[in-house]
Amino acid sequence: MSSLFDVTIIGAGPVGLYTAFYSGLRALKTKVIDAEPDVGGKIRYFYPDKNIHDVGGIAEITGAELVQNFKMQAETFEPEFVLGKRVTSLIKQQDEIFLLKTEDGELHYSKTVIIACGSGTYEVNPLIAENAALHHAKTHYHLRDLEQFRGKKVVVSGGGDAAIDAAFTLLPIAKTVDLIYRGENFKGYEKRASDLLTSKIQVHLQHEITALNEGSELETVTVCAKASGEESTLSCEALFISHGVEVDFSFTKNWGLHTADWGIQVNPFMQTNLPGVYACGDAAAYSRKIRIISAGLHEGAIAVNSAKQYLDPDAANEAMVSTHHDHFTN
Ligand SMILES: Cc1cc2nc3c(=O)[nH]c(=O)nc-3n(C[C@H](O)[C@H](O)[C@H](O)COP(=O)(O)OP(=O)(O)OC[C@H]3O[C@@H](n4cnc5c(N)ncnc54)[C@H](O)[C@@H]3O)c2cc1C
């Protein structure tokens, strides 16, 4: 049997990372598992380059910087990280130990489980167009490395806030930005959409990309006008696709958890209906729940304290504050 952990946290988003840190403060042997190849959850996935202003005590920070800080803090007590592995099953064995299985069949054993899985796992909707597979390396779904777009003719496809945001983010970096959307009007905030009209972004409403050029270098895309079916060619050296994501939260039901309001039902101790299993962050649901980073951090600490007392009923209600904690004072 692979080694047994006191706590296994499913999800290495901001809340999972802070929960791992707090679990260390309580001297619990901790493992963190995430389906994504890197930590950071929604911040890394959706808005690493955005400025965040509403995390307590931090007036302004980019998503990427905040993730870096969470990661550094989480590493304080050296939890084990298992990345790029989606947890697909969670069962309590007869010996009361939880057995977690990841997609690839790997087994993980834990005395308690804290679910910090956010809204679940994500899968981007891919571009469906002729020759799309030929140019997958030049077709981007995330703006994690803006340098890839520097000086290039970029075509953005999509009509939501994320597509419009991407077009504006790319404008000062790219040589040109064309924004293609098959709808009549953009779905994003009206103000943002109207800003497009006065910007240098070339907007093509009621058009869609039907093909990428043949050959190894991406040079053009074919776009088709929806009304007339007329095709035209646009210069394109890099593509950014924002066609939405498929979110999967269904696994939580398969694990026997009670769900409601886009989350797992928890009581004030962050306990789920399964003894020994807790939830926090965006994954947790209760009355007046706020789905922001700061709120999730407090829930993570409560979940750890509950797990600690599940393992040791005589344990204190909470960890020693960091200013007086042995780890930092000795
Ligand atoms: C566009 C956007 C902008 C936002 N702006 C702000 C803001 O300015 N301020 C703010 O406070 N909040 C903001 N939020 C909300 C904030 O991002 C979330 O509240 C926060 O990320 C929740 O953290 P979390 O760790 O609970 O979940 P997440 O960040 O969703 O992380 C969950 C992690 O769990 C993993 N996971 C899920 N299922 C599994 C599984 N079965 N197995 C393994 N791993 C799994 C996922 O891969 C993911 O990494 C924003 C959200 C979005 C989408």
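Including glycine, each Cβ sits where the backbone N, Cα and C put it.
Automated prediction, rather than curation, is the source of TrEMBL annotations.
Per TrEMBL, the feature domain 'FAD/NAD(P)-binding' maps to 5-297. Residues or ranges marked as FAD binding site by TrEMBL: ASP34, LYS42, TYR47, VAL87, ASP282, THR323.
TrEMBL feature annotations superimposed on the structure.
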residue	record	contacts (Cβ under 8 Å, 6+ apart)
ASP34	FAD binding site	ILE10, GLY11, ALA12, GLY13, GLY16, GLY41, PHE81, VAL82, LEU83, GLY84, LYS85
LYS42	FAD binding site	GLY13, GLY118, SER119, ASP282
TYR47	FAD binding site	GLY63
VAL87	FAD binding site	ILE10, ILE33, ALA35, LEU100, LYS101, THR102, HIS108, CYS117, PHE251
THR323	FAD binding site	THR329
Surrounding CB atoms that lie within 10 Å of the CB of ASP282 (FAD binding site), all protein chains: 27
Binding-site residues close to ligand 1 - of LYS42, TYR47, VAL87, THR323, only those whose C-beta is under 6 Å away: LYS42, TYR47, VAL87
Whole-number Å value of the largest CA-CA distance among ASP34, LYS42, TYR47, VAL87, ASP282, THR323, listed as FAD-binding: 35
Three-state secondary structure, ASP34 (FAD binding site) (per DSSP): strand
Across the domain 'FAD/NAD(P)-binding' (5-297), average pLDDT on the 0 to 100 scale: 95
Structural state of ASP282 (FAD binding site), classified by DSSP into three states: helix
